[in-house]
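Undergrad: Reproduced below are the annotations present in Swiss-Prot:
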- Leu75, Cys76, His77, Met113, Glu114: substrate binding site (BINDING)
- Asp128: active site (ACT_SITE)
Amino acid sequence: MSSLTHLTSHGEAVMVDVSDKAETERVAIAEARVVMRMETLELALSGNAEKGDVVATARIAGIMAAKKTHELIPLCHPLLLTKVGVDLEPDPSLPGFRVQALAKVKGQTGVEMEALTAVSVACLTLYDMLKAVDRFMRIEGIGLLEKQGGKSGSWKREKE
């Protein structure tokens, strides 16, 4: 098992020094689900939710969150993101939304935290905008699906 990169040999927290690492294109994709009642999903898709366009607002919130990841997660490097995308797919079989976020950068460190932050905040925004009608919603399965680039190369989660 690898050692923890954000701790010194004395257990003190540090931001990892990436100055000697090569700049490479890096991509990360994260996913999550928001499970809700079917009536809540229908309301979200109708565009008639009291707080407005639920899907568009959650998408923008996720993108904004990715850009602020370094302000939210201690020791995260600020990155010049080259792309952030958030997709919210309605899934009646849940019922709810399947949410995916993609983050890209040409840099010296990965974008996993940015993709995870984007998907998390998009889900939290769905929850916030719909909680008045459905207090039983659940956010589930937040995780990294895939990463590409950097010294460790590509990684993809196997189907469960």
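Glycine is treated like the rest: Cβ placed from N, Cα and C.
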Undergrad: If one measures from the C-alpha of Cys76 (substrate binding site) to the C-alpha of Asp128 (active site), what distance in angstrom results, rounded to a whole number?
TA: 26
Undergrad: Taking the Cβ of His77 (substrate binding site) as the reference point, list residues of the same chain whose Cβ is under 8 angstroms away and which are at least six residues distant in sequence.
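TA: Expected: Met15, Val16, Val18, His70, Gln108, Thr109.
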Undergrad: Report the member of Glu114, Asp128 (the recorded positions) whose C-beta atom has the most other C-beta atoms within 10 angstroms.
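TA: Counting every other Cβ within 10 Å of each candidate, the maximum falls on Glu114.
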Undergrad: Sort out the sequence-distant neighbours of Leu75 (substrate binding site) for me: same chain, 6+ apart, CB within less than 8 Å of its CB, listed by position.
TA: His6, Ala13, Val14, Met15, Val16
Undergrad: Counting across all protein chains present, how many other Cβ atoms fall within 10 Å of the Cβ of Cys76 (substrate binding site)?
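TA: That number is 17.
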Undergrad: Roughly how many Å lie between the Cα atoms of Met113 (substrate binding site) and Asp128 (active site), rounded to a whole value?
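TA: Cα of Met113 (substrate binding site) to Cα of Asp128 (active site) measures 22 Å after rounding.
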Undergrad: Between Glu114 (substrate binding site) and the residue listed as 'active site', what C-alpha distance do you get in Å?
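TA: Their Cα atoms are separated by 21 Å.
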Undergrad: Taking the center of the Cβ atoms of Leu75, Cys76, His77, Met113, Glu114 at the recorded substrate site, which other residues in this chain have a Cβ no more than 8 Å from that point?
TA: Thr69, His70, Ile73, Pro78, Leu79, Thr109
